[in-house]
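Structure, as structure tokens:
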Amino acid sequence: MAALPTTYEGSVPIAVIGGTGLRELPGFTQVASLSISTPWGEPSSPITILHHHCKHNDKVVAIAFLSRHGPHHQLAPHEVPARANIAALRSIGVRSIIAFSAVGSLQEAIKPRDFVVPDQVIDRTKGVRPWTFFEDGMVAHVPFADPFDEGIAKVVRECGHSLDGEGVVLHDRGTIICMEGPQFSTRAESHMYRSWGGSVINMSVLPEAKLAREAEIAYQMICMSTDYDCWHETTADVTVEMVMGHMKANADNARRFITAVLDALASDEHSELVQAKHLAGSIKFGISTPQPHWGTEAQKKLNWLFPGYFQ
Ligand SMILES: CSC[C@H]1O[C@H](OP(=O)(O)O)[C@H](O)[C@@H]1O
Ligand SMILES: Nc1ncnc2[nH]cnc12
């Protein structure tokens, strides 16, 4: 196959981040592969630009796709360069991210291969992953009470339910526990997370969702359950083989779900939402350090992320 162009001229407001078992988006035309370097290093993989023929308005829209764990799943959850990923996506115009994740289920009712659109997160990462763009002399605090974007979530839920009865089972809400890994949980931890009200568990939603919020990007995760972790008495404990088996077996449902979401988001009706106009400029209200005291290095990096914001 001929190599793809390494530049892309058009605007790309929507991105999909693929996780375990979703290293590419089948059925979309690849038109470019961008290798972007950021002040926070290189992203997990080149960003593929895909053309999607939107069924609602007959337009061709460009979608960015990034493989979270790299093209060969060579990055462990704590090694994913989340700051570079989010910064690189923002630099090409991305303002909305649909992030996909394989998760363990902490509730009987969430069966393997069911989908969940989470609305809350509990952070069980251990502080080993860089988790903010604001450091080295520039402090900011962004609201994170609702870690996902309700506007995007609403569209995602409608799309999921449009496939009810066609193999897609969707749970509208849920609390996702983000653990450090890469080892899976102990049985005691798994029971504790259930007692906390956790619905599903993964190793990936943080700091991705926090960094997207700092970058004024609307972010929603779609989870696909692949196992019952290790709390369930009559089901075998989670293994990678189990996770991959369910991802593979349910790949067509995942593809149809994502396609429906991209169709809906690309429609004219959602253009303001997808551009995240509701978040634009919000970071300015979170910065605590007066501008004359900003660290030089921090200012240089933040100017790269937000060109023209801080002149
Ligand atoms: C291979 S099982 C554990 C692995 O699966 C999930 O990956 P992702 O969220 O990228 O789909 C989980 O978060 C762990 O990283
Ligand atoms: N049980 C589990 N724990 C953490 N991450 C997961 N991803 C898929 N299943 C998982």
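Note: Cβ is positioned from N, Cα and C throughout, glycine not excepted.
Together with R68, H69, S101, A102, S204, TrEMBL lists one candidate of T20, T29, T239, T259 for binding phosphate, that being T20. Here the Cα atom of S204 (phosphate binding site) is found 14 Å from that of S185 (site 'Important for substrate specificity'). Listed in chain order, the extra residues whose Cβ falls within 8 Å of the Cβ center of the phosphate site residues T20, R68, H69, S101, A102, S204 are G18, G19, G21, L22, P77, F100, N202, M203.
Note on the recorded positions A102, M203, V240: the fewest other CB atoms within 10 A surround the CB of V240. A Cβ distance below 6 Å to any atom of ligand 1 is met, among the binding-site residues S101, S204, D227, by S101, S204. When the binding-site residues A102, D227, Y228, D229 are checked against ligand 2, A102, D227, D229 have a Cβ within less than 6 Å of one of its atoms. Taking a C-beta cut-off of under 8 Å and a sequence gap of six or more, Y228 (substrate binding site) has these contacts in its own chain: G104, S105, P112, T235, V238. Of the binding-site residues D227, D229, D229 has the largest number of other Cβ atoms within 10 Å of its own Cβ.
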